[in-house]
Every structure is written in structure tokens, then in C-alpha cells.
Amino acid sequence: MDPCKFRPSSSFDTKTTTTNAGQPVWNDNEALTVGPRGPILLEDYHLLEKIAHFARERIPERVVHARGASAKGFFECTHDVTGLTCADFLRAPGARTPVIVRFSTVIHERGSPETIRDPRGFAVKFYTREGNWDLLGNNFPVFFIRDGIKFPDVIHAFKPNPKSHVQEYWRVFDFLSHHPESLHTFFFLFDDVGIPTDYRHMDGFGVNTYTFVSRAGKSHYVKFHWRPTCGVSCLMDDEATLVGGKNHSHATQDLYDSIDAGNFPEWKLFVQVIDPDEEDRFDFDPLDDTKTWPEDLVPLQPVGRLVLDRNVDNFFNENEQLAFGPGLVVPGIYYSDDKMLQCRVFAYADTQRYRLGPNYLMLPVNAPKCGFKNNHYDGAMNFMHRDEEVDYYPSRHAPLRHAEPASFPVPTRPVVGKREKTRIKKENDFVQPGERYRSWAPDRQDRFVRRFSDALAHPKVSHELRVIWIDFLSKCDKSCGMKVANRLNVKPSM
């Protein structure tokens, strides 16, 4: 029997019900009992299998980004970037690559409203000819912290109180009062862009700094930007309350219905690049994910377009079992020493192994569409057909060999230093948030002040914490801090 032809698929559905092993089920309406009113018999294998499977339908939800929706489509390279990267899928304008994209909220559980003031995830899996590349980002270009060792803490602070299971902002302000670098993200979260109208009308950002590597081995730091062709649209607070009260899944439904109607969402991909030899000319660290790269200093360069033209065939298979990881890169794209990215490379793969199992990359939605070969054998739920006799390397009995080093160039800059746990030198946490605030119209500034003040007004936010945050805001913009202080009737310390 062909081991691949009859692998489980709805393509081979029978006309009558069966067990998972294929035995006919002659009655799926009544359990097997002793007489019409007698006890149920344990020999009713179909009943036991049905109940046991039902009890195990749910898998652990993602610790973050649990609430999400996916769609499929393609990425098309539209501009020549071969001088920056040797990535095959960017080899020439017109080259197309199949993709699957997952949008999500961040903090709350699966099934929570999609109108919550919360960052949105924007993750893209490129099925390239040289393996899968996962670009994971958010709709904000910055993050709350810059060092991955604090990632569990910041998520714990935003998650519901472990005692009451209620999300409370006093916990957020308490923790992040030790991390003023979080201010920049707050100037997005409490801004008008804090609640996207839907997934089609929001930006996407890679957030972390990656590295482009050219065929010649030249490296450039790179940041990725997605811009929707239909423009950015967001909900005001009262609109979000109204929309969320009617439909908790409005963004998921909008994405599905739009694609179903032939109104395909599209984004343009842009990059910013910095020569590592010139990084010292900036007043911030280019590897700090709490900072943006000013577009007047580092202009956007067009790369391609992303089009979503197909809905998923099955939500569980292609959304819940869909697994992303920043560690999945392809030749021409590499990591940087961004501290958050370095931690994410391990963390995401590890959480997928917990959530889906050690062979999660064998699941059809996660498997590459190109050929692949390694000696990773066995493990729970391994369903890959293999008939080799050699499962080690090297061997004189098997033709497996290493890829040529030139096929996967990596950055070659030397790294020299002593072992230490320390902060980066160029923190500069208040300049960019202040510049962003001053770029807004007065009414937009007022809405930000109101939202921030309302959050700080939580009864468990102490006077000390309010003074700290007003001091932070004042360092960004003196008038902003003063307005928040006046709303809270707090005298600022400066």
C-alpha cells in the first residue's frame, strides 16, 4: 500500500460512519445498553472512542496571541533588492511565494473580544524554495521591553491577576515603572491606533532588527514594514464598545467575508536598512526594539506586496496548529544581536513543542513545501514515512552531504566582550515618545491623555506610582505630564 496515498484526509471520506480505525458504525444515535433501559456496556468501543476524542479536542492555547485568524495567499517581489540580500524568494521582481498569515490579539484568551485595546499580532509564513521563513511582528513598531529575560514578567503583568483572574492596570504600571523604555509602546497603545477597525486596515511591523546578507557577504541591519493598500482605520472607544457588544469575532468575520467576496486584502512590504558600520551615528541603539528608525534618516525602500486570496480550509488545522518561530530564517536573512529577538528564537520553538508536540513542523500547515532531509527521527506523533537505513551523519553508505557554505552566508562581524549582565548604553527612552506626542493634533493629544489618565486612576495604583508615571510623561513632553497630573489631581515632582 502506498503509505502517502491514504494518509488521513477528507478526500477519502466514506459514505457511512466509521470509527477512527475504519470499522463501520451501524448506530451513532444510541449507546449500547443491556435492554432499552439497562446500563451502558463498556464494549461499546465507538462510544468510548467518541467521548475520549471529544475530551481531548482542545490543545493548550498560545500563552500569548491565543485569539487569532488566518488566511492564505502569496507574496510577490516587486523591486530589485538583490544588492541587499541573496534570499531566493526576493531574487527578482515578479517572483511569487505562497504564504499563510495569522492576525491576533496578544494578551487575552481564545474567544475574547477583538475590540480590546491591545497590540495586534501580524505573522507571515513564507513557503520559499529554500525553506520556510517566518516574519513575526505586531501592528506597533515597538515593544514594551528591550531584553527578553523580562518577557515572562511583562506578559504576567498584562495577564489577569492570578488571584482574581481580572486584568488590572495597576499591575502593568507597577511592573513597567521599572522599565521607562515601555513609554514608547504606550504612546501607540493609548493612541487612536490602539484598536484597529479590523485586520485588513492595520499596519504590520517586524519590530525586531534582522540582518540582510548579500551574495557577496555584506550585511545590513533591516526592519520590515507592512502597509495596507486600503489604508489604516481604527475604532474610537465608543465605537469599539458598540462593535464588540454585537460581535466578539468581528475582525475574524471581516477577514473571512472579504476574501470570500473576492475583496482580497493587500499590503506593501517596505524595509529600512542600516549599515552596521554606521550605527553609532544615531542617538539610539538600532538593536533596541523600543525604538523606531526615523524615516527621514532611514527611508523606506519598497520590496513587494502581500495578497490574501484564500480562506483557510479548516480553522483548527490552519490556525490553531499553525506555528511560527523567529528562528526560521532562509539564506539571505539572519538574526541580529537584538536582545528580544535572540530570546524569541528559542522561546517560540519551545512553546510550539509544548503546545503541539516535538514534531509540530511535520503538520501540513507548518511543513516546508520544498524538499528537506535531516536525521531528526521518531518522537511523539511522528507520521513521516521514511525507509532509510542510515539515521546518522556522516556515513559511507548514504549520499547525504553538507550544503555549500556559500549557499547560506551569515554575518561575519567579530563579537568581542566580557561576560556581563548589563543594560545597553544608549537607552534614550523619552525622546521618541515625546516627538510622537507632539506630532499629533490637539484633540488626539487630549484623547491620549484621557486614556492614560483613566488607566492610572485605577484605585490600586498608588500615589507613588502616579507620580513616577507623570514624571516619565513629563520627560517625554512637559505639557503631557502636566495634563495627566491635573486630571488625577497629582502634583508632579518636577
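Quick reminder: no glycine exception, Cβ is built from N, Cα and C everywhere.
Look at Swiss-Prot and you will find His65, Asn138 tagged as active site, backed by sequence analysis. Here Swiss-Prot flags Tyr348 as heme binding site. The compositional bias 'Polar residues' annotation in Swiss-Prot covers 8-22. Residues or ranges marked as region 'Disordered' in Swiss-Prot: 1-29.
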Quick check for the class: what is the C-alpha distance, in angstrom and rounded, between His65 (active site) and Tyr348 (heme binding site)? 12
Rounded to the nearest angstrom, how far is the Cα of Asn138 (active site) from the Cα of Tyr348 (heme binding site)? 15
Excluding near sequence neighbours, so keeping only residues 6 or more apart in the same chain, what lies with its CB under 8 A of Asn138 (active site)? Val106, Pro119, Arg120, Gly121, Phe122, Gly204, Phe205, Val207
